[in-house]
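Note sheet for the following structure.
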Amino acid sequence: MPGWRSQCRLVLLNSLTCGLEICVAAGITYVPPLLLEAGVEEQYMTMVLGIGPVLGLIFIPVIGSASDHCNSSYGRRRPFIWLLSLGVLLALLIIPHADLLAAYFTWGGRTLEVAFLILGVGLLDFCGQVCFTPLEALLSDLYRDEEDCNQAFAMFSFMVSLGGCVGYLLPALDWSRGLLSVYLGGQAECLFFMLILIFVTSVLITMKVSEEPPCAGVPALEPAPLLEAGHCSIPRSCCYLLKCKLRLLKSGPLLCLLRTFWSMTPAIYHSYCHVPQVMRQLCVAQLCSWMAVMSFMLFYTDFVGEGLYEGVPSAAPGTASRQRYDDGIRMGSLGLFLQCATSTVFSLLMSRLVRHFGSRRVYLSSMVSFTISALVICMSKSVVLVTVMSALTGFAYATLQTLPYTLTCHYHKEMEVYMPKKKTKNLLKYGIVIKQDSITHLTAVSEEAGLAHKLGGTNGHAFFSQDGSDYYPPPHGQNGSSHKATVPEQDEPEGYEKRGVGLDFAILDSTFLLSQVFPTLFMGMIVQFTKSVTAYMASSAIFGIIAIYLANHIIFDQKDLKS
């Protein structure tokens, strides 16, 4: 993709990626205070934040596979992007106005306000996280060449990191003193109004630039042959418009999703569980890598506030202990901001790094640097050194957002190499290759062929089996007996797995969601048992060591298949 125009188009294409990350980062950062202010206890607040990831684990494979099989005239991916973007927009409207929505119902009160907040938070987290899957599949569809795909996902990672930087900064700004706050009503209303403007703009830009071609399976909209003059009382133009509308309705994203969910759910989850070997090894390494990174990101600020600054979060406001904790939280937020800034730099350099050093070295070096940084953070008491180490973890963050997706594109480009079906034992009889599990069908076909010969079939003429393939009866001797030339059994490959890239991207995204669920379930118990917040960083380092081991088993190229 040489030229500044192609790079500019790639930036515009990923504008929705940046907008989504801004909304998710800013919204989820600002939501906990709103929940606590509404009266939700802290232990239930963490459960509310887990609603989105849990729902994503359930529906991501369905949505990913539905986008693979969608026959919309607007393309395969864009209808789902529109649908999920609508959910994000609805959440951005609900969260800051939950109290106003509850006021319309006299019977609800505070409980209904909390219910609206939970609805908005779950909708924002679910739709925001799931929307990345069709966006990744759209990039894969538009950029099929390996070098172009590397650059496309490097830009994807850059825009995600840039969105994270902006998303973490927006809640830190004081919007209550501006003129906009006078008209909108406060800090939360101003923040979410800015998020809505950013998000709507990014959606329109991406949808305009993508220009996804319609699916080849969608037939041209032509008037039915029966709708001719004299055979239909409705004018031909009206019949044509009605037919167009019906076909567009049939190919809509919601109906496509419902049809897929109803008819293909068992097959989807069969494919979801029985993934090819290369994808299984990649996903296991990706899960452990994300566990290391997310354990760091979720609890880093609390570690700095309690571990380095020795603050007490439960202390009364205004006390020295609480002031130290608040100072540590701000310093921890600076470290996460520097992590996102470092990630943006490495995202821009990712394609060059892969080109010069290879995917294996880049992946392993990123996880090695992350693990070393986590170990240094565990053992150091220097705020400056810990902040520098937290910035270096951005290398791993950029790598995990880029390389697994480019590897998946590479697997799908050469599916016959990386995703072959298991070899099945075949029989070569009478010059026909037959699966061992289809001997019953062979017997039936042989009987039909023998009957046809008795009824006057001639030698050299082909009969047709039930599956439509040609069947040549065995040659007959002068006495009418057939020469049973049987060749020993042999193994032959059965081609390759026919899988959609959207489903495999959904599996990769599921590892990211799982990495958020596991730490929130177990980290609290680990810290309570060890009575030290250093356990957060120690667990992150342990997951990093395991990720390095598992990364050595990832298939990066064809040479790894032979080893």
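Glycine residues also receive a Cβ, built from the backbone N, Cα and C atoms like all the rest.
All annotation found in TrEMBL is predicted automatically rather than curated by experts.
As annotated by TrEMBL, region 'Disordered' applies to 474-495. According to TrEMBL, the feature transmembrane segment maps to 12-32, 44-67, 79-95, 115-139, 151-170, 182-205, 282-300, 331-350, 362-388, 394-412, 505-527, 533-556.
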Intrachain residues whose Cβ lies under 8 Å of the transmembrane segment (331-350), provided they are six or more past its termini: 150, 154-155, 157-158, 160-162, 164-165, 168-169, 172, 297, 300-305, 308-309, 362, 383, 386-387, 390-395, 397-399, 401-403
CB contact flag for the transmembrane segment (12-32) and the transmembrane segment (533-556), at least three pairs under 8 A: no
Surrounding residues of the transmembrane segment (282-300) on its own chain - C-beta under 8 Å, 6+ positions past either end: 275, 332, 335-336, 339, 367, 370-371, 374, 390, 393, 396-397, 400, 404, 407-408, 507-508, 511-512, 514-516, 518-520, 523, 533, 536-537, 539-541, 543-544, 546-547, 550-551, 553-555
Long-range neighbours of the transmembrane segment (151-170), counting only residues six or more past its ends (CB under 8 A): 1, 7, 10-11, 14-15, 17-26, 29, 135-136, 139, 142-143, 191, 194-195, 333, 336-337, 340-341, 343-344, 347-348, 350-351, 394, 397-398, 401-402, 405-406, 409
Range from 44-67, 79-95, 182-205, 394-412 with the greatest count of C-beta pairs under 8 A to the transmembrane segment (533-556): 394-412
Proximity of the transmembrane segment (115-139) to the transmembrane segment (79-95), 3+ C-beta pairs under 8 angstroms: yes
Positions on the same chain near the transmembrane segment (394-412), where near means CB under 8 A and six or more residues out: 136, 140, 144, 146, 149-150, 153-154, 156-158, 160-161, 276, 278-279, 282, 286, 289-290, 292-293, 338-347, 350, 354, 359, 362-363, 365-367, 369-370, 418-419, 499, 501, 504-505, 508, 554-556
Paired segments the transmembrane segment (44-67) and the transmembrane segment (505-527) in contact, 3+ CB pairs under 8 A: yes
